[in-house]
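S.K.: So TrEMBL lists these for the protein:
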- 6-25: transmembrane segment (TRANSMEM)
- 37-63: transmembrane segment (TRANSMEM)
- 69-88: transmembrane segment (TRANSMEM)
- 109-130: transmembrane segment (TRANSMEM)
- 142-163: transmembrane segment (TRANSMEM)
- 191-214: transmembrane segment (TRANSMEM)
- 234-254: transmembrane segment (TRANSMEM)
- 288-307: transmembrane segment (TRANSMEM)
């Protein structure tokens, strides 16, 4: 497993710059008033990944190498398409120009984006902690089940992430225009979106848990049973997991990076780390699966606290 993981990671490094471009230009296209471009770029990237996964793994039998090269092609697609758009459209609101480094602006951008940075770092660290705990309590099949659950959870939670990224420019615009009435309107509608979507996603994940688990692990009855059980416990977190995501994005859009960072750090590092270390001592392997549930409950409470605290300042 270690050898294949290292091999897979080395191939992915080839397209890592393209992965960064895709993430960066996603925000640019939304701000430039072209959200469909960001959407279709992600769709094209995903379709290419799936298509070449099938071609390289099933048809050519390249196994891990095939999966890695399919991801490389997908990331080149996602990274180059928005760059080509801005190269060919120099008359838009946002356009490419000669770079000029202004230290003050650079530091402000870094400060405002620290929550997303810490979220990315903490997710990688937490994945290692989860893998360690699963190896300790279940073995390699537990790690495989966790990987499948992470894939599925990303699909279900993509609506949360997409909405948070898409609404951020709208929040920033109304805050900059001092349009507090519309800012409050956007805030309330966003909470309603996450409440309704959270309920639908949770119901959908529970209803389709069995076929989804079978799709990835049907070759092993033991792994299927473990994945299905873990997914059903993990899926309970979908009900409220969108609220902390929105809270961090909301305060980032309001240029309040420290609060956004505090929410992200507490949710992804403090709360979940404590849960994944302590709960298995009480509940066994089930404690690993419900760690994210406990962490999200604590993160929602923290988000509500900050929303109440800063409401008089921003007027939402």
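Backbone N, Cα and C atoms are what each Cβ position is placed from, and that goes for glycine too.
A TrEMBL annotation is a machine prediction, not a hand-curated record.
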S.K.: Out of 69-88, 109-130, 142-163, 191-214, 234-254, what stretch is closest in contact terms to the transmembrane segment (288-307), meaning most Cβ pairs under 8 angstroms?
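M.R.: The stretch I would name here is 234-254.
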S.K.: Using a cut-off of under 8 Å between C-beta atoms, tell me which stretch among 6-25, 37-63, 109-130, 142-163, 234-254 contacts the transmembrane segment (191-214) the most.
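M.R.: Result: 234-254.
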S.K.: Taking a Cβ cut-off under 8 Å, which residues six or more beyond the ends of the transmembrane segment (69-88) line up next to it in the same chain?
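M.R.: Same-chain contacts beyond the flanks: 11-12, 14-22, 25-26, 28-29, 34, 37-38, 41-42, 44-46, 48-49, 51-53, 55-57, 62, 94-96.
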S.K.: Would you kindly check 6-25, 109-130, 234-254 and say which stretch has the most C-beta pairs under 8 angstroms to the transmembrane segment (142-163)?
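M.R.: Between the stretches 6-25, 109-130, 234-254, 234-254 has the largest tally.
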S.K.: Which bits of the chain, at least 6 residues beyond where the transmembrane segment (109-130) starts or stops, bring a Cβ under 8 A of a Cβ in it?
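M.R.: Same-chain residues near the transmembrane segment (109-130) but 6 or more away: 146, 150, 248, 251-252, 255, 257-258, 260-261, 263-265, 268-269, 272-273, 276-277, 288, 291.
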